[in-house]
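Colleague: Quick one: structure below, then a few questions.
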Amino acid sequence: MLKRLSQWFQRVPIIDPVERRNAVAMQALLLFLGITVPLNWWLHASLGMVSTGTLWVMVVDNAAALFGFVLIALIRRGSFRLSVVLFSVSMLATMSMATWHFGLLRDQTSQMLCLVVSGLFLGRRALWTVFTLLLLISCAGGINEINGGTARLGGGVQIISLIVSFAMSYMVVAVVIDLCITALRRSLAESELRGQRLQEEMAERERTQAQLVQSQKLEATGRLASGVAHDFDNILNLMTGFASERHRLDDPDYSSAENARALAFALEGVDAAARRGMSLTRRLLSFARPDVSRPERFDAGVAVTELMPMLRQSFGPQVRLKLDCANVPMPVYLDRDQFDLMLLNIASNARDAMPEGGVFEVAASPAADGASVDLCLRDSGVGMNAHVLSQAFEPFFSTKPAGQGTGLGLAVIHGLMRTANGVIDIQSAPGQGTTLHLRLPLQDPDAQGLEARSTEGSKHVAFAVDGSQR
């Protein structure tokens with residue numbers, strides 16, 4: 001019951017987080033007064049303790065208590081500060097009327113409550129305004145009591161002493177609340193400043209990460225340039241070969257129908273070669289362009305297979321490239337270009353680790369737990385010792401000579417994997433090569449937007465760098 005009531009108090013349309021928390025306490029206070037004050041007067045009336053002289057006080061107190069429900073309604077509409085102001089005004093008005101009728105009030109509960117509420121909920125200006133008004137009300141009550149001859153403590157000296165005592169009490173409470181408010185506001189300001197600085201640092205970190213990713217893209221693109229030139233040379237040779245079919249037009253040994261078929265075939269070959277060149281260009285430009293991260297759903301197996309031609313360009317003719325991809329859907333969710341970048345960076349490191357040649361294997365399959373995709377990239381290179389392995393993911397750490405490596409490749413991969421909620425693990429030993437396992441969360445295979453896969457069993461394919469299949 002209390003939990004549901006607290007949750008109801010918290011559901012208010014107030015933007016400021018401090019006022020929203022204070023609104024809970026204020027609503028609870030108003031509800032408490034709205035229930036207990038009428039019950040208290042009902043108890044007094046049932047015991048015959050309400051006289052004709054105090055009847056109007058009962059009416060005013062009950063009206064002020066019931067007015068609290070109106071103030072709760074104001075808070076529920078988002079007018080928190082107005083509600084607190086009206087509460088303080090109603091209390092000051094009630095105290096003024098009671099002081100005018102009875103003289104100096106000995107019970108200071110209402111005065112202290114008004115002082116605390118105004119100070120904590122409205123701030124320093126309201127605190128000292130209420131403090132000043134309480135002093136004036138006390139002085140007016142004392143003067144009224146002295147002039148009316150109703151002094152109950154033996155004369156004006158005692159009344160003045162009582163007013164001074166009340167004033168000192170008000171002062172102590174007001175000073176304590178003022179110091180608390182000042183400390184709280186300063187803490188809140190420092191917290192907001194730290195939050196703003198943290199946001200700026202996070203934004204700067206994201207910009208730096210994007211710059212590192214783009215730097216790695218450009219570095220990988222530069223490494224691919226020679227291979228791309230080789231591919232374009234093959235494409236141009238194909239186009240030149242098909243274009244040579246035009247000489248058939250001058251050969252009388254061929255009929256017009258044969259020439260037409262040959263030329264049609266040649267034009268189709270030129271068109272296919274041109275499309276291959278355009279596809280390669282688009283892929284390279286798309287990979288190298290500076291862009292914000294755009295996560296998307298795609299099949300990791302299809303992506304790895306499509307990336308094989310670019311991976312081939314990362315190695316020399318002495319390195320053999322193998323692909324072992326499970327022929328089942330392996331949907332993942334991350335930026336496709338960043339996925340390609342991770343594999344190309346790992347391939348680049350593998351190439352440097354195999355200066356005399358070797359084998360680079362890429363395997364993709366669902367993990368045993370069925371909740372992730374396991375990408376395994378293995379080389380037969382020189383491997384790493386324990387010291388190098390422990391620092392492999394640290395930014396700017398590199399074992400390459402100066403000017404031949406930035407030391408950012410694996411650090412960028414580690415950051416990209418964390419962004420994608422993935423895990424990367426590295427295993428290596430001197431002379432035994434290096435194996436990296438990249439585990440990415442497996443998405444729903446029934447979702448739309450994934451490329452169709454064949455239903456045949458898994459297959460093992462080995463590629464040579466020149467593009468021929470073995």
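Cβ coordinates are placed from backbone N, Cα and C, and glycine is handled just like the others.
Grabbed the feature section from TrEMBL, which reads as follows:
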type: TRANSMEM; residues: 21-43; note: transmembrane segment
type: TRANSMEM; residues: 55-75; note: transmembrane segment
type: TRANSMEM; residues: 82-105; note: transmembrane segment
type: TRANSMEM; residues: 125-143; note: transmembrane segment
type: TRANSMEM; residues: 155-177; note: transmembrane segment
type: COILED; residues: 181-218; note: coiled coil
type: DOMAIN; residues: 227-444; note: domain 'Histidine kinase'
Colleague: Sort out for me which stretch, of 21-43, 82-105, 125-143, 155-177, has the most Cβ pairs below 8 angstroms to the transmembrane segment (55-75).
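Modeller: The stretch with the most contacts is 21-43.
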Colleague: Would you kindly list the residues that approach the transmembrane segment (155-177) from elsewhere in its chain, counting only those six or more residues past its ends and only Cβ-Cβ distances under 8 Å?
Modeller: 104, 106, 108, 111-112, 115-116, 119-120, 127-128, 131, 134-135, 138-139, 142, 145-146
Colleague: Against which stretches of its own chain does the transmembrane segment (82-105) lie, if we need a Cβ under 8 Å and a gap of at least six residues from its ends?
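Modeller: Sequence-remote neighbours of the transmembrane segment (82-105) are 26, 30, 56-57, 60-61, 64, 67-68, 71-72, 74-75, 111, 113-114, 117-118, 121-122, 126, 130, 133-134, 137-138, 140-142, 144-145, 148, 150-152, 159, 162-163.
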Colleague: Residue list, the transmembrane segment (125-143) vs rest of chain: Cβ under 8 Å, 6 or more residues beyond ends.
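Modeller: For the transmembrane segment (125-143), the nonlocal Cβ contacts are 85, 88, 92, 95-96, 99-100, 102-105, 111, 114-115, 118-119, 159-160, 162-163, 166-167, 170-171, 174, 177-178, 181.
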